[in-house]
Amino acid sequence: MQLSRWLFSTNHKDIGTLYLIFGAWAGMVGTAMSVIIRAELAQPGSLLNDDQIYNVVVTAHALVMIFFMVMPIMIGGFGNWLIPLMIGAPDMAFPRMNNMSFWLIPPSFILLLASAGVENGAGTGWTIYPPLSSNITHAGSSVDLAIFSLHLAGASSILGLINFITTIINMRTPGMSLDRLPLFVWSVFVTAFLLLLSLPVLAGAITMLLTDRNINTTFFDPAGGGDPILFQHLFWLFGHPEVYILILPGFGMISHVIAHYSGKREPFGYLGLVYAMIAIGVLGFLVWAHHMFTVGMDVDTRAYFTAATMIIAVPTGLKVFSWMAKLQGSNLQWSLPLLWTLGIVFLFTLGGLTGIVLANSSIDFVLHDTYYVVAHFHYVLSMGAVFAIFAGFTHWFPLFSGYSLHPLWGKVHFFIMFVGVNLTFFPQHFLGLAGMPRRYSDYPDAYTLWNTISSIGSTISVVAMLFFLFLIWEAFASQREGITPEFSHASLEWQYTSFPPSHHTFDETPSTIIIVK
C-alpha cells in the first residue's frame with residue numbers, strides 16, 4: 001500500500017511532499033559542498049591539494065542548489081501542493097505525468113553525482129563553457145554525464161510546466177477569473193512560460209557540446225569554423241531567464257505571506273504585481289549578454305545590454321515598494337514567516353543594488369569573474385530564494401502537516417541563519433572590489449581576513465541548517481495542532497475543512513462567490 005502510494009502516486013499533495021523531501025536532501029548535499037569550498041578558502045594555502053577537485057565541488061554545488069534544491073522545492077513542492085488548492089481544482093491536470101516529472105529528478109541527481117565520481121569530474125563551473133568542457137581539456141565521461149543529468153532535469157521541468165500551464169488555464173473553479181488568481185499561482189504561471197522558452201535553448205546548447213565532444217562536430221571549435229562564444233550566447237539565453245525562474249515563485253510566496261500577516265484581504269497593488277512579474281519574465285530574455293561583457297562585444301551592443309538590464313530594476317522595484325506599502329501602517333503580527341519575508345525585502349533589495357552596479361558594462365569589465373559577482377548572486381539567491389523557501393515553508397507548514405512549528409525556536413533559527421548568510425556573503429563584496437577572482441582554490445595573503453570571516457559565517461549557516469532539521473522533528477514529535485488563521489484570507493487554500501486537506505480535496509466542485517461591498 002505505502003509502495004503504491006508513494007512510488008506510483010497521482011496525488012498532487014503526495015507528489016508535492018516528495019518534491020519537498022527530495023529538495024531538502026539535495027539542499028543538504030549542496031550545503032555540504034559549499035562547506036568544502038569555504039573550508040578550502042578559510043586560510044591561504046591548500047586543503048584539497050587539487051584544483052580540479054575544487055572546481056568539481058564548485059560546479060556540483062551550483063548545479064545541485066539550482067536544479068535539485070530551489071527548483072524542486074519552489075515549483076515542484078509548493079507549486080504542486082498549493083496551486084490546486086488555491087484555484088479550487090481537485091488535482092493537477094495530468095496526475096501521472098506529474099509523477100513522472102518527479103521521478104526523473106532522482107536519476108538526474110545520481111547522474112550529476114556520478115559525473116563527479118568518474119574520471120576527473122566535471123570541473124567546468126556550472127556554465128560548462130567550451131573549450132574547457134571539450135574532449136581535450138575534459139577527457140573522459142564526466143562532462144557527458146553532467147550533460148545527460150541536465151537533459152533529464154530539463155525533461156522533468158518541461159513535463160511539470162506543461163502540467164502547471166494546463167492546470168492554471170483549464171482547472172480554475174467557476175468564478176475565479178485570471179484577474180482574481182492568487183499571486184503565487186500567477187508567479188508559477190509566468191515561471192512555467194520562462195521554462196518553456198528557455199529550457200529548449202539549453203538542451204540545444206548542451207546537445208551541440210555533446211556532439212562536439214563525441215562525434216567530431218565543431219559547433220564550438222574554431223578549428224572547424226565553430227565559435228565558443230556561440231555556446232556562451234546559447235547558455236546565457238537559458239541562464240538568465242533561469243535566475244528569474246528561481247526567484248519568481250519566491251516573489252509570489254512572499255506576496256501571500258505579507259498580505260496574510262498584515263491582516264489584509266489582498267496584496268497592495270495586485271494588478272501591478274502581476275504585470276511586474278510578466279514584465280520581469282519578458283525582459284529576462286532580452287538581457288542575456290550582460291553575463292558576457294568581457295568577450296569583446298562592440299560598444300553599441302554593450303550600451304543596449306547595460307540599459308536593458310537596468311530597466312529590469314523598474315518592475316522589481318515596483319514589487320519591493322508594493323510590499324513595503326502593504327506593510328506600512330498595518331497591524332503586523334511578528335510571526336516567523338513575516339520575519340523571513342522582511343529579511344527578503346531588505347536583503348534581496350541589497351543584492352539587487354549590486355546587480356545595478358554590475359549592469360554597467362564598464363564597471364563589469366573590472367568586476368567580472370570576481371567575488372563581487374559571487375556576493376551579488378548569493379544575496380539574491382541565498383537570501384532571496386532560500387529565505388522565500390523558509391518563509392513559505394513556515395507559513396504553509398500547518399496546512400501541509402496539520403502541526404505547527406515551535407514559534408520561539410523558529411525565530412532563533414531565523415536569527416542564526418540571518419547572521420550566518422550575511423557574515424558569509426557581505427565580506428565577499430570587499431574581496432571582489434579588491435580584485436579576488438572567482439573559482440580559484442587559493443589566494444594571496446592580502447585577502448585572508450575577509451575570507452576567514454566569510455568561512456566563519458558559512459559555519460554558522462550550517463548550524464542553522466541542523467537546527468532547522470531539529471525544528472521539523474520537534475514539530476512532528478510534539479504534535480501541536482496547526483493554528484488556523486484567525487481571519488479568512490483572500491486565498492482559497494485555508495478554506496478547507498481539515499489540516500491537512502483530505503487526500504482527495506473535494507467531494508463536489510467548489511465555486512467562488514465574490515461579495516461586492
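For all residues, glycine too, the Cβ spot is worked out from N, Cα and C.
His240 is the residue from His240, His256, His260 that Swiss-Prot records in the Cu cation site together with His290, His291. Under 8 Å from some Cβ of the transmembrane segment (183-203) lie the Cβ atoms of residues 75, 78-79, 82-83, 86-87, 150-151, 154, 157-158, 160-161, 164-165, 168, 234-235, 237-239, 241-242, 244-245, 248-253, 255-256, 267, 270, 273-274, 277-278, 280-281, 284-285, 491, all in the same chain and six or more residues away from its ends. Long-range contacts of the transmembrane segment (380-400) within the same chain, counting only residues at least 6 positions beyond its ends with a Cβ under 8 Å from a Cβ of the stretch, are 16-17, 20, 65, 70, 73-74, 78, 81-82, 85, 243, 246-247, 249-251, 253-254, 256-257, 260, 336-337, 340-341, 343-344, 347-348, 350-352, 355, 410, 414, 417, 421-422, 424-425, 468, 475, 482-484, 493-494, 499-501.
Using a Cβ-Cβ cut-off under 8 Å and counting only residues 6 or more beyond its ends in the same chain, the transmembrane segment (63-83) has close neighbours at 12-13, 15-17, 19-20, 22-24, 26-27, 29-30, 33, 89, 92, 98, 101-102, 105, 108-109, 112, 126, 146, 149-150, 153, 157, 160, 164, 167-168, 184-185, 188, 191, 242, 245-246, 249-250, 253, 381, 385-386, 388-389, 392, 396, 399-400, 493.
Within 10 Å of the Cβ of His368 (Mg(2+) binding site) there are 19 other Cβ atoms, across all protein chains. Geometry remark: His240 (Cu cation binding site) versus Asp369 (Mg(2+) binding site), CA distance 16 Å. Recorded residues Asp369 (Mg(2+) binding site) and His291 (Cu cation binding site) have their alpha carbons 10 Å apart, per Cα-Cα distance. For the transmembrane segment (305-325), same-chain residues at least 6 beyond its ends with a Cβ under 8 Å from one of its own Cβ atoms are 251, 254-255, 258, 267-269, 272-273, 275-277, 279-280, 283-284, 286-287, 289-290, 293, 297, 341, 345, 348-349, 352, 355-356, 359-361. When the neighbouring Cβ atoms lying within 10 Å are counted for each of the binding-site residues (His61, His240, His378), the highest count belongs to His240.
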